[in-house]
Amino acid sequence: MQETDDLLKTLNVKSLLEALLVYTPKGYKDLSLLERFETGLSGVLEVGILEKKNYAKVLKIFAYSKRFYKNLELVFFNHSAFYYNQFKTGESLFIYGKLEQSSFNQAYIINTPKILTEFGKISLIFKKVKNHKKIQENLQKLLSLENLKKEGVKENVARLLLEIFFPTPHFVKDFETNKNFPSQHLNALKYIEMLFYMKNLERKKLQFNAKIACPNNSERLKAFIASLPFKLTRDQQNAIKEIQSDLTSPIACKRLIIGDVGCGKTMVILASMVLAYPNKTLLMAPTSILAKQLYHEALKFLPPYFEVELLLGGSHKKRSNHLFEKITHVVIGTQALLFDKRDLNEFALVITDEQHRFGTKQRYQLEKMASSKGNKPHSLQFSATPIPRTLALAKSAFVKTTMIREIPYPKEIETLVLHKREFKIVMEKISEEIAKNHQVIVVYPLVNKSEKIPYLSLSEGASFWQKRFKNIYTTSGQDKNKEEVIEEFRELGSILLATTLIEVGISLPRLSVIVILAPERLGLATLHQLRGRVSRNGLKGYCFLCTIQEENERLEKFADELDGFKIAELDLQYRKSGDLLQGGKQSGNSFEYIDLARDENIIAEVKQDFLKNASVSQGTFEN
């Protein structure tokens with residue numbers, strides 16, 4: 001056990017699976033003696049040195065193969081004296097290289113061969129590491145059928161992995177011919193990559209006692225739902241039912257609720273507050289605008305006996321002094337909640353809205369502040385960014401996840417992909433909509449001019465709109481007063497010029513047109529969020545994707561689809577999966593081998609095997 005730990009430490013990894021994924025060979029060097037003298041083959045030859053000649057920048061060593069009795073030339077370009085002195089006339093050496101034939105004189109040649117002191121083995125070639133030999137030794141000490149089985153790898157997959165890390169000459173030849181691993185070996189790497197992912201999820205899953213087990217509150221919930229001026233969708237009702245079960249449990253729940261744009265998750269949030277009553281609920285939103293929206297929705301729809309308070313950064317001291325008195329049932333705020341020193345002991349439920357906008361540490365800090373003596377509050381995390389079905393499949397054994405797919409009323413949004421020469425269509429529609437007292441957002445790809453991007457920036461484009469329309473507002477992520485600008489625009493503006501900061505959650509009831517410049521630079525999930533700003537209250541909506549590209553299949557497919565979950569699947573096909581394990585990056589690929597768009601069968605197989613071998617219960621997430 002100690003030897004294994006020492007080897008893992010030397011490799012700078014924490015588990016055998018991680019070692020296999022970090023140090024998967026990117027190629028092989030077969031140091032076996034060549035079986036035949038044939039151009040195109042790489043391997044080891046024993047050669048006798050006949051003579052050496054220096055031609056300006058080229059050193060030629062004339063030699064012969066002792067096994068095959070063939071003459072050949074060893075060629076070094078831009079050589080140093082070191083190479084010249086390595087080869088002594090009359091001596092024999094073992095060299096490694098690729099046998100080729102000169103197009104000039106048909107002589108057999110090896111360019112820049114390597115002199116060997118030992119041979120007969122197959123060396124693994126790793127990416128971006130220095131001591132290949134030592135890494136190979138340590139890996140091969142760790143690797144065995146027994147150790148792989150201990151990690152939960154089934155035997156047929158384990159044997160394929162052993163072939164990758166203990167390769168035969170035949171395996172190396174196949175690898176070099178195909179420039180990759182055979183398909184069954186690639187599937188073995190996919191298997192352990194998903195197994196490693198699931199083990200990481202399982203490691204985070206910890207159970208804690210709930211600080212407060214809430215009452216059933218069925219009658220109170222029924223009265224709340226009956227008071228609403230609209231009917232809840234089936235998905236909303238199912239989500240509320242799952243949350244009700246969570247909140248009455250003595251185990252602190254942590255549930256992720258994922259809803260499409262406009263699915264009505266605010267009503268699920270308010271129903272959760274009703275279910276927690278008379279205990280207190282704390283809700284954290286990423287911006288003041290969203291916090292205020294939720295506050296006003298709570299005042300509008302929660303029963304009259306609820307006392308709801310709002311805490312924002314810079315709130316007046318006198319007003320915030322009574323926020324946490326016993327009479328308050330719901331506190332809604334921004335990250336200002338994290339810096340408030342009051343006792344949160346009476347809060348049974350902590351809700352994070354647009355949870356992907358917060359870092360793990362921020363979410364954990366809020367939960368920790370509301371914990372008491374090792375007992376935790378119930379925690380609900382809401383997100384309006386649908387995830388692919390395959391990722392949901394992988395997560396579902398470890399994270400309590402609820403999907404809200406149904407939309408209370410179908411949105412009527414027309415999406416058009418337009419070239420800049422067709423911008424007249426956009427201008428005509430903007431004029432029409434402003435005449436109806438509707439609003440428009442124009443999204444620019446960047447704030448200031450850039451030589452690298454062939455589009456106008458926000459600062460360059462502002463004058464174009466200001467000359468043609470009234471009531472123009474401009475803001476960006478760099479604007480310290482952006483929330484005030486957006487709030488004023490909501491009441492008084494016609495056109496808002498902005499960057500993608502308006503992507504999530506902002507409610508603009510009169511907004512009917514969004515114009516997105518350089519849409520090819522954005523992921524489909526971001527485009528879907530931006531488009532989701534229009535048609536919030538039943539207005540006919542228009543989304544114009546204005547590009548300089550003549551054709552873009554990805555944008556055309558997006559234009560034909562309004563379902564956020566289907567767009568999440570589509571997004572996988574056109575971009576790498578993103579850092580889905582950590583929840584941070586939005587591009588790049590956290591999975592090197594698994595393709596979330598195509599490998600559902602492997603994911604299902606790993607999940608089935610893992611649950612069979614591990615004691616996995618529906619617990620909660622630490623982070």
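Note that Cβ sites are derived from N, Cα and C of the backbone, with glycine treated the same way.
Copied over from Swiss-Prot, here are the features:
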BINDING   GLY259, ASP260, VAL261, GLY262, CYS263, GLY264, LYS265, THR266  ATP binding site
DOMAIN    246-404  domain 'Helicase ATP-binding'
DOMAIN    422-578  domain 'Helicase C-terminal'
REGION    32-120  region 'Wedge domain'
MOTIF     353-356  motif 'DEAH box'
Task: Near-site residues: ATP, ref GLY259, ASP260, VAL261, GLY262, CYS263, GLY264, LYS265, THR266, CB cutoff 8 A to centroid - done: ALA384, ILE404, ILE407
Task: Helix, strand and coil residues within the region 'Wedge domain' (32-120) as assigned by DSSP - done: 6 helix, 46 strand, 37 coil
Open item on the list: Can you tell me how many other Cβ atoms are located within 10 Å of the Cβ belonging to GLY262 (ATP binding site)?
Closed with: 18
TODO: Using all protein chains shown, find which of the binding-site residues GLY259, GLY264 scores highest when you count other CB atoms within 10 A of its CB.
DONE: GLY259
Open item on the list: On average, what pLDDT score does this prediction assign to the domain 'Helicase C-terminal' (422-578)?
Closed with: 88
Task: Set of same-chain residues at least 6 away whose C-beta sits under 8 angstroms from CYS263 (ATP binding site) - done: THR233, ASP235, GLN236, ALA384, ILE404, ARG405, GLU406, ILE407, PRO408
TODO: Using Cβ-Cβ distances, find the residues under 8 Å from ASP260 (ATP binding site) that belong to the same chain and are at least 6 apart in sequence, listing them in sequence order.
DONE: ALA384, PRO386, ILE404, ARG405, ILE407, ASP563, GLY564, PHE565
- [ ] Ten-angstrom check, please: count other Cβ atoms within 10 Å of the Cβ of LYS265 (ATP binding site), all chains counted.
- [x] 24
Task: Neighbour tally for THR266 (ATP binding site), based on other Cβ positions within 10 Å of its Cβ - done: 18
Task: C-beta crowding around VAL261 (ATP binding site), within 10 angstroms - done: 23
Task: GLY259 (ATP binding site) - helix vs strand vs coil (DSSP) - done: strand
